[in-house]
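As recorded in TrEMBL:
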BINDING   A:125, A:128, A:129, A:130  Fe(3+) binding site
COMPBIAS  A:1-15  compositional bias 'Basic and acidic residues'
DOMAIN    A:35-215  domain 'Nitrile hydratase alpha/Thiocyanate hydrolase gamma'
REGION    A:1-33  region 'Disordered'
């Protein structure tokens, strides 16, 4: 039996960067040993009444479906309230986002695209589902769907309209294609009528979809 | 809008080399045993059988040991180190008996 016949994640240039640390490179034999070892451990803990299988299934479910923090909302609110921070964010998003304690990227750079009255930005990953997860958590299902990935490139205004976002004809729409190297985050426009709000209150207004660029931030 | 979250950030967002393997934010499990080993550690910590920080320290040690001289060619995968850490903590807390 060959030990090299496992499909690696390597070479998929559009997604996570290659790391042997993250890919399965075990032989089938080793994998069988580990499967049996873990099953014995689980059986023992269940027999002793230390864990029950329902709790194990629930734990997996919670973490596999964990929506993650919307750290991006705090980044946006800071940029709206602190012009110096906003400038740092536009100059070097990776560093400015790390300032707020959000990291976890594995080699990807963050780029922030600022919406203005003249320009509206929207983010896609045309080939797979590259996504700025340290700031936005897990991608929504529609972000990974072929329909969105293909159509937003050719008909961004139509896609935005489907999300209820109508833009005046003179607004330029820019579509950003994410990759292994670059993850985009949209900095939405701060809505009118929010002048008196605190940074914390502003963060509550910022929805995930606005940071992907398919919607705008609405005043509360 | 900040959503209510069931997952413990201390687990979901571990920093550094012990960070959970993710691809575009989603956890990466290559084999079912990895998922079961993950669930055991999380579930035992949730029940207070051990502190997550203790497991995390054991995991950091196991990952560092696997990486040895070269972090790019570790001697075993992430969840194999996870299993080493789990066994170490279970032994330390004598949860498996003698």
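Any Cβ shown, glycine's included, is placed from N, Cα and C.
All protein chains shown were included, and the count of other CB atoms within 10 Å of the CB of residue A:130 (Fe(3+) binding site) stands at 26.
With a 10 A radius on its CB, residue A:129 (Fe(3+) binding site) counts 22 other CB atoms from all the protein chains.
Comparing Cβ neighbour counts within 10 Å across the binding-site residues A:125, A:128, the minimum falls on A:128. Averaged over the domain 'Nitrile hydratase alpha/Thiocyanate hydrolase gamma' (A:35-215), the predicted model reaches a pLDDT of 93.
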